[in-house]
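Visitor: Sharing the feature lines straight out of TrEMBL:
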- Gly30, Glu31, Asn32, Gly33, Ser34, Gly35, Lys36, Thr37: ATP binding site (BINDING)
- 3-320: domain 'RecF/RecN/SMC N-terminal' (DOMAIN)
Amino acid sequence: MVLQEINYQGFRNLVDDQLKFVDDYNFIIGENGSGKTNLLEAIFYAGLASSFRAREERDLISFDNQFLKVDATANGKKAAIYLDRDRKKVTLQGNEVRRLSNFVGWLDVTFLSIEDIWIVRGAPAKRRYFLDWLIAKLSPTYLSHLVEYRKIVKQRNKVLQMINENGDDSLLEVYDEQFIKHGNELYRERRQKLPELQKHVSSIGARFGLCKLNIGYQSTCPHFRIDHSLLGKMRQKEIVCGTTLVGPHRDDILLSKEGRPLKNYASEGEERVVSIALKLAEAEMLYQKKTAWPILLLDEVGAELDYNKKEILLELMKGQIFYASTQMPEFTKIFQQKQFTVFTIKRGSIEVSRTN
């Protein structure tokens, strides 16, 4: 996939602009705080109609604007997102899109950041978030079930809290049916995709010198399945706690090397390599599914790698690449064989400073 151009207004600190990109390397160079990550975020937003960091979507609107607008053209298709304080409108090919699952996939995007290290060393929620978005990009059906599942869990938790107060659990059965339905669909897809993820992570890790990487899965539900019997056993405990204690939203992905948990034994360098391997594995899986590479967004990813590992990373990256950093990487033979454009960014204003 190739992003030809993007037009943005009122997005973060970026000065309103229209940018055109080359098919290979697009370097975004500037000081810290200049807006490099904001440009990557605008591209990500154009592809997925969501942010990789904003808790509140309206935080994307610049301080002195009432709205934001992002238009993008890729692979002969056009998408536009409008957001103000009251509403959001997403269009694809001029038609309004009301379901996220009907939008995700028009432009596949994989984002790599130095913050990805927290997928390895952080809480289970970080790993679930990675896995959910990976599968959602591969399967619109998974995304639909995920959206519904999250709604049901919130509603079910409210009912559990009410039962704790008044003792009436009759409403819980209604939510249990939907909880089982959507939860088991998530389990089905996770079970299918994990072996493929394992294969790619193991292969990519080996390129960096990390052998015998393994991805396991720790489920709160035996055999990847929710049923009435399990919920019945958990009923009293869930009522006391006022929250849903089993299901895909409580599970964890276990990362290990040579049988030892990375979370406890990995060095920082190993954690960084594994986090990169996970994201590059995502790109490989998207390519195998769609026979087109997703665009890669890299935010200071090479900053913590030694020279040899940077070279390996550059060799492994495929497709259109957006590389944000405070300085240009060294020009290896890889760059000499590719198109590239260098964008210089200063206080949100972007200029093309070099191209080949």
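A Cβ is built for glycine as well, from the same backbone N, Cα and C atoms used for every other residue.
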Visitor: Grab the pLDDT values for the domain 'RecF/RecN/SMC N-terminal' (3-320) and give me their mean, rounded.
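Guide: Reported value for the domain 'RecF/RecN/SMC N-terminal' (3-320) is a mean pLDDT of 95.
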Visitor: With a radius of 8 angstroms around the mean position of the C-beta atoms of Gly30, Glu31, Asn32, Gly33, Ser34, Gly35, Lys36, Thr37, what other residues of the same chain does the ATP site pick up?
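Guide: Going along the sequence, the neighbours appear as Asn38, Thr326, Ile345.
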Visitor: I want to check the contact list for Thr37 (ATP binding site): same chain, sequence separation of six or more, C-beta distance under 8 angstroms. What comes out?
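Guide: Residues satisfying the criterion: Asp299, Ala324.
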Visitor: Do you know which of the binding-site residues Asn32, Ser34 has the most other C-beta atoms within 10 angstroms of its C-beta?
Guide: Ser34
Visitor: Test of understanding: give the count of other CB atoms lying within 10 angstroms of the CB of Gly35 (ATP binding site).
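Guide: A 10 Å sphere around the Cβ of Gly35 (ATP binding site) contains 24 other Cβ atoms.
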